[in-house]
Amino acid sequence: MLELLKVSITGDLSSGKTEASRVFQDLGAYVISADKVSHSFLVPHSHIGRRVIDLLGPEVVVDNAFDRKVIAEKVFDNLVLLQALEAILHPEVRRIIEEQYYQVAKERKHPLFIAEVPLLYEIHYAKWFDRVILITADENIRRERFTKKTNCSDLNFYQRCARFSSNEEKKMHADIVIENNGTKEELRHKVEEYFYALKGAL
């Protein structure tokens, strides 16, 4: 029997998901990121890469690699294209996350399995996990973090936020809600508390 708790971290854009995941990793949890997984397998000459090129056109490949800025420009204003792209990528992301979970569980080296999945509810993936942690922050704080980190405009922030479902709705379904309106140190203390609570959950 695999006795390793499956925990997903999710939340809106620039809420602090990655920072929370980093704290869990520092404490000994195994952490996998859905975004990093998709980056790892999305190469032009792979089967999935060819499907993406067929969908979006050859101009999304620059210097034998996918240009993520070009992809973003193509899909963020086109819901049909965005959904078609996600239909290609998300099943593979899920397959890799689940495959990795079973490998990590067999090794018995980590107290928790953490998957950072930004669009967890939007892709109907929450039920696979034993616990869901929702990281939240006020919109003005998230906007400031996003624009400072990316040098993108407020408009770009709101366009990207449109992909996420209602935060209030997600709060109703999450097992744990961590508010992240303060400092990184404050977030760390909150995550540490939940780490030890979850560690003893099985």
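Keep in mind that glycine also has a Cβ here, set from the backbone N, Cα and C atoms.
Feature annotation from Swiss-Prot assigns domain 'DPCK' to 6-202. Sequence annotations record features per position, and here Swiss-Prot assigns ATP binding site to S14, S15, G16, K17, T18, E19.
Compared over the binding-site residues S15, K17, E19, the count of CB atoms lying within 10 A of a residue's CB peaks at S15. Same-chain residues that are not part of S14, S15, G16, K17, T18, E19 yet have a Cβ within 8 Å of the Cβ center of the ATP site turn out to be G11, A20, I135, A137, R145, N180. In the three-state DSSP assignment, the secondary structure recorded for T18 (ATP binding site) is helix. Within its own chain, T18 (ATP binding site) has S33, E116 as residues 6 or more apart in sequence whose C-beta sits under 8 angstroms from its own.
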